[in-house]
């Protein structure tokens, strides 16, 4: 950064440096999204005793590129009676928060674009904005199917955001910070010797399960994909979209999946910390490799759920969120609060 500031001046150098860091995060993220689609098709293919994509390139590795080229070449058709400006704005409102949230995601304790103290609050605020893109997409298309899908999706996202928020309260109580780097550091000590036994997923196990399943519902993934239930409402709020406008919604969904996987890994699974004690030498050393492995395991759960569970009815989804997840999180928050101030506390106050 000092080199750029010496050439371009203080303000221009800082701006260029920030843009370079944004590009360094966004471009690999888009690549991960593309190949997550291939991984999904391969994993589900093997679970259904078939091969999956294997024609474009070796082992089908060029399939995401072929899909991107196909969508780029397709025309974006605007429905006759739609609100044209809002119709085109909706995909941007969906993908924007999904990418902007990565500004505060730490890959290691030193590798983070913006290490702000309220990073978790920033992510919660941004992810809640994604629902506006969904509602606008459903309304602007002037289709009863897209509007019904948008209403379902909005209600589902808002309902499960509450459960996710309450699950995060437990993490905030034991870590004492909204900073994601501090939350990971809090998991590096304890009676588990800094290993997998020190991470939050053990004492906060009910909150961990609620957060993971709520993340699946928040991203409208199976078995919570009633917003685009093909057998009921064609494709939900996607129904009027084509070409790159449809592809951007697709990118937003998978970018949100990766974001939920990263947050689950950071909040409950120790982030970049090794599952082995630090005394084990190189095996006990933390790093981005461990964060990537944990994210891959969480993403595999997303794909596994899609391949194995049937779709819930809409009323079942609402009942699960309001009558099961929210009471469970509230009860466990009380348990953790009492545990922290008891003689058996495993946390430093």
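Just so it is clear, glycine is given a Cβ too, placed from its N, Cα and C backbone atoms.
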Using Swiss-Prot as the reference, determine which range in 243-263, 264-284 is annotated transmembrane segment.
-> 243-263
Of the ranges 120-140, 141-161, which one does Swiss-Prot list as transmembrane segment?
-> 120-140
Any chance the transmembrane segment (164-184) and the transmembrane segment (285-305) have 3 or more Cβ pairs under 8 A, given the pairs are 6 or more apart in sequence?
-> no
Best-contacting stretch, by C-beta pairs under 8 Å, relative to the transmembrane segment (196-216) and drawn from 14-34, 85-105, 285-305, 324-344 | 324-344
Quick one: do the transmembrane segment (243-263) and the transmembrane segment (14-34) have at least 3 Cβ pairs under 8 Å, skipping pairs fewer than 6 apart in sequence?
-> yes
